Amino acid sequence: MTNTTKQDRVLIFDTTLRDGEQSPGATMTHDEKIEIAEMLDDMGVDIIEAGFPIASEGDFKAVSEIAERSKNSRICGLARANFTDIDRCWEAIKHAEQSRIHTFIGTSELHRAIPNLTMDEMADKIHETVSHARNLCENVQWSPMDATRTEWDYLCRVVEIAIKAGATTINIPDTVGYTAPDESADLIRNLITTVPGADEVVFATHCHNDLGMATANSLAAVAGGARQIECTINGLGERAGNTALEEVVMALKTRNDIMPWHTGIDTTKIMAISRRVATVSGFPVQFNKAIVGKNAFAHESGIHQDGMLKNRENFEIMLPEDVGLSGTSLPLGKHSGRAALRDKLEHLGFDVGDNQLKDVFVRFKDLADRKKEVFDDDIIALMRTGEDAENDRLKLVTLRVACGTGGPAEATMVMSVDGENKTAICQGDGPVDAAFNAVREVHPNKAHLQLYQVHAVTEGTDAQATVSVRLEEDGNIATGQSADTDTVVASAKAYIHALNRLMVRRGKMGEGADNREINWKDVT
Ligand SMILES: CC(=O)SCCNC(=O)CCNC(=O)[C@H](O)C(C)(C)COP(=O)(O)OP(=O)(O)OC[C@H]1O[C@@H](n2cnc3c(N)ncnc32)[C@H](O)[C@@H]1OP(=O)(O)O
Ligand SMILES: CC(C)C(=O)C(=O)O
């Protein structure tokens, strides 16, 4: 083993399938583990901790199959400090092209009390178990669990014993996420400079995120001389999780100027594996999670969007393509400005002049005030329904519908007819029927409802519903469309839109919409 502290290559040890799976509720099936292991292998992870073979028959089988199938990565299994665990681990991993036994024991005063061992007894146990592991496998990792709360002199002593017994990697776990960056760096530096034989092994860091410092602590440990980072996809893991692979890898790639170390990870594979792990573990990624969150490369506010359109470096420090995204997203919402709206309209194929943009922008802000995110389909719906709205002679002013169990729905509607507000209160068989009855009361007509269609055109429960209504009278047909986050409002507006179109065709108003002398045309 060479002295890796002088090297600039940091090994990535992924423990999604072991520590990650220890997240309550994150259990993965056998096939899912095989699939994730293949993705890890493919993206350049150096060591995959595939499981804890003694834990269950299922874990043993998964680790064995991953070991047999791995192409590039070294496959590691976890074992407690006893021969039974270590032998079982070796059975599972021995067919891997490159294998590793990882054995551990808690060395802090608190953890020494669990098996009730004195310092000397524990030192002996470490020596005999690491030696046993090394007799089976040439690559052995040893971890003093709760290292960051272990007395430093005792830690030095047991690390030296593990090295002498044949450990090739010494992992320093911050098991309970207790350390802080300076201490993390100092601890590794102290071990490397004081423990005899330290320059013959690789030092690793394994951080938990209880105080939100796992990534910072891992990188600090690298600055202190560690050359292996233990991490998981999406930061999955016990309690608040482990160091997130995507964060340390992208931090090293992005700030190579001040952290001159690199990994072998193909970062363009990050998003795909992040999404897959989120799906199979059932742990969705929070929207604002660094690197892989839905919003990590999204800019909603007008000033940021304008800046991004002028030069993406104004607000982005990484290329979305580098993590496997197709590009930055500029989602439209209530904080967006004209620059982003115009850009979106152009992308959607709408050629708008300044005046039209002004009009659309007003309607857009109105919609955005009512809706969390305005999607492409919302914009299309907005453009479609806005066509002739200004000339409409019938307009919906307000609509309230009471509906539910125990009685008919009742709509209270105010409609403007040629500028004059008229009110109707009508019941119906459901909210849409009640609303349509109210329209008919304000504006009596004999048009027959030929088609009524609702499409939820956008995602989520605040989806924009687009409603199409087709009216027919004496063989003449007119359609109306509208979009709104409220399906009943969209329905009433679509109905009114269709009536407006019929009136435009007649070229008259005030004669009553049921005037049979009008020469109807198909206005669809
Ligand atoms: C910090 C970490 O992430 S460590 C890894 C934690 N992961 C897991 O525990 C997941 C898998 N674990 C399991 O499936 C089970 O705990 C098993 C199969 C390993 C053991 O199950 P059981 O035999 O029923 O023991 P149980 O889980 O109740 O208690 C753990 C035992 O391991 C002992 N133990 C814990 N760590 C170690 C160690 N590093 N070396 C030796 N013994 C240990 C404990 O003292 C306790 O022993 P005891 O039963 O004699 O008191
Ligand atoms: C087994 C060890 C490395 C561990 O997971 C921890 O200490 O958190």
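These residue numbers are counts, starting from 1, taken along the chain as shown.
Glycine is no exception: its Cβ is also placed from the backbone N, Cα and C atoms.
Automatic prediction, not curation, is the source of TrEMBL annotations.
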Of the candidates D19, D418, D429, D433, the one that TrEMBL places in the Mn(2+) site of H206, H208, N242: D19
Spatial neighbours of D19 (Mn(2+) binding site) that are distant in sequence (at least 6 apart) but have CB under 8 A: E49, H206, E230, T232, L236, G237, E238, N242
Binding-site residues compared (H206, H208) - the one with the fewest other Cβ atoms within 10 Å: H208
D19, H206, H208, N242 excluded, remaining Cβ within 8 Å of their centroid (Mn(2+)): T15, P173, D174, T175, C207, A214, E230, C231, T232, G237, E238, G241, T243
Mean of the pLDDT scores, which run from 0 to 100, over the region 'Regulatory domain' (395-524): 79
